[in-house]
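Asks: Pulled these from TrEMBL:
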TRANSMEM  A:12-35  transmembrane segment
DOMAIN    A:72-263  domain 'ABC transmembrane type-1'
TRANSMEM  A:78-97  transmembrane segment
TRANSMEM  A:109-131  transmembrane segment
TRANSMEM  A:137-158  transmembrane segment
TRANSMEM  A:242-263  transmembrane segment
């Protein structure tokens with residue numbers, strides 16, 4: 001028996017070592033960028049991981065040399081609006097496909113699904129001309145429209161989730177005189193909290209990170225988003241603004257990480273719900 | 001018995017709304033008629049220009065005309081604008097035609113009810129009928145219109161581009177673009193350098209998709225098993241740390257990684273140098289660039305798989321394991337017979353989705369290596385370019401729009417075949433009434 005216990009303890013030790021190694025692997029880039037943002041000088045190169053001279057000047061420079069506050073507001077505005085719109089579109093489409101039977105329902109479902117597979121930026125040129133004709137270039141409206149327009153193609157997750165909610169609840173409500181809309185708002189939505197949170201966070205994070213369309217549609221620096229602004233800071237071989245970029249990264253990551261921590265439980269639930277019902 | 005249905009349908013087919021008025025649905029009928037008047041006017045006003053534009057793609061080229069002493073450009077036709085505008089118009093006309101047919105059918109139904117001596121809905125009843133019985137149509141219309149304008153239309157547009165000579169030598173507004181049938185398809189596969197690039201990039205795209213999907217899946221699986229073991233403490237602490245890559249916005253992580261792996265100044269190589277090791281040229285050596293991308297992607301992607309798998313692990317009934325322990329099964333046997341199949345059962349649709357997503361994983365390649373290092377044997381592509389980033393540099397950077405369009409059609413077909421085949425069989429898509 002002692003041999004068994006020894007083997008077991010040895011394995012546990014190995015497991016801890018592995019877990020710690022993986023933790024280092026995971027956390028190192030984040031740690032490095034945080035420390036870099038406090039390092040004096042502008043260069044990427046550094047002798048040590050921990051700065052020899054600490055400074056907060058880079059955080060100041062973000063707002064003085066760049067329009068960082070502006071970019072931040074732009075990104076927040078675009079991502080939040082897109083989030084609301086696309087979650088709404090996805091829920092509506094999912095509800096329609098899950099609860100109603102109508103002509104050509106299956107073909108619309110397959111059609112949407114296939115469209116969703118088409119790499120979105122292939123449509124860049126066409127979207128550009130469309131926006132030009134609608135006189136929407138260099139506006140945030142354009143970016144919001146482009147990013148939320150395709151939301152309906154993500155109906156599958158919602159439909160799968162709604163499919164598992166028993167119909168008897170709604171039938172009772174309908175007998176009590178609830179409309180279709182009432183069923184949706186009062187019964188299905190409250191039951192889908194993890195799903196809604198999951199979709200909202202992924203949509204927000206997606207738009208927040210979106211780069212190609214933002215760069216094409218928004219032409220002036222004042223309209224730029226964080227993704228484009230930060231990309232331009234380090235898109236040179238020498239990365240001469242590296243420490244400022246690091247400071248920017250920290251400021252961008254903090255709110256997102258906080259959101260993830262707050263919603264951690266719901267997010268995991270939403271994720272696994274989607275997986276289970278895929 | 002009079003045949004109201006025929007009369008009503010014919011009237012409505014000739015002039016929208018007439019049939020409804022004939023059926024004494026006056027408000028509905030007048031609304032339809034007003035719409036019809038507008039539609040006819042719109043069609044007459046735009047028909048000629050739209051058809052001309054989309055068939056010829058413009059006839060007058062931009063020229064320089066001597067004004068006084070200097071040459072000034074005189075605006076010609078812009079082929080690409082003509083094409084998209086023509087396309088939109090054609091769709092609007094088709095929509096009108098569809099509505100006309102639907103309106104005739106509606107009039108026919110109304111007439112039939114009258115023939116049978118039943119009463120028709122008045123306007124109040126109609127307005128109440130729609131949100132009740134046509135609710136699904138009502139709520140998917142707006143999302144679908146958006147999808148149509150920003151996804152379907154651009155897709156058709158890029159398919160059309162593949163049949164033109166739209167490239168850097170025929171670029172509006174300076175030059176006109178013409179239809180040229182399947183030339184671009186033939187050129188792409190017969191000009192040896194292009195064909196070589198295509199197959200090279202295609203092979204790497206597939207290798208990349210397989211590698212990235214498998215590494216993140218099995219990486220996440222291994223970590224999930226490690227964390228969830230019996231006897232491990234601080235589980236939630238470890239899980240929280242492993243969530244970090246999932247939480248940081250991906251574009252930032254990628255830009256950070258790009259600097260981390262900077263061969264000259266990055267911290268990885270300077271640390272290695274302290275130990276007397278000259279680190280590899282992470283992102284400028286063809287082999288290492290590919291390896292770096294896969295490693296970084298593992299970093300980015302394993303938390304998601306881990307979270308999913310932990311979720312599934314908790315749902316596996318404990319008595320399954322207990323029963324097999326009684327039978328003396330080894331840990332590996334339990335894994336092979338219980339854990340792995342359960343995870344695969346729930347996750348295979350997601351894996352397929354991830355695979356398809358990785359084929360088109362633009363961000364990772366573009367932000368990390370930008371497709372580089374350049375490959376002198378390739379046309380406008382580097383060693384780590386996958387089809388989608390190659391497309392980007394072909395069209396946006398180098399103006400070979402028609403070739404890019406051909407490749408995008410090809411790419412689309414691969415993914416669509418692959419995904420349709422597998423998704424058709426997932427539970428959510430198969431008829432779902434059984435589930436309730």
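Positions of Cβ are set from backbone N, Cα and C atoms, glycine also.
Looking at the shown structure, can you explain where the listed features end up?
Replies: Residues 49-51, 246, 249-250, 253 of the same chain sit 6 or more residues outside the transmembrane segment (A:12-35) yet have a Cβ under 8 Å from a Cβ within it.
Same-chain residues lying 6 or more positions outside the transmembrane segment (A:78-97) and placing a CB less than 8 Å from one of its CB atoms are 105, 108-109, 112, 140, 143-144, 147-148, 151-152, 154-159, 161-162, 184, 188-189, 192, 196, 199-200, 203-204, 207-208, 214, 225.
Below 8 angstroms of C-beta separation, residues 93, 97, 137, 142, 146, 150, 152-156, 212-213, 216-217 of the same chain, each at least six residues beyond the ends of the transmembrane segment (A:109-131), sit close to that stretch.
When Cβ-Cβ distances below 8 Å are used as the criterion, the transmembrane segment (A:137-158) is approached by residues 74, 77-78, 81-82, 85-87, 89-95, 97-98, 109, 112-113, 115-116, 120, 127-128, 131, 192, 195, 199, 203, 206-207, 210, 213-214, 217-220, 223, 225, 274, 278 of the same chain, each at least six residues removed from its ends.
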Asks: In terms of Cβ proximity under 8 Å, which residues at least six beyond the ends of the transmembrane segment (A:242-263) contact it?
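Replies: Apart from its flanks, the transmembrane segment (A:242-263) reaches 30, 33-34, 36-37, 39, 41-44, 58-59, 61-62, 65-66, 68, 72, 197, 201, 204-205, 208, 226, 229-230, 233-234.
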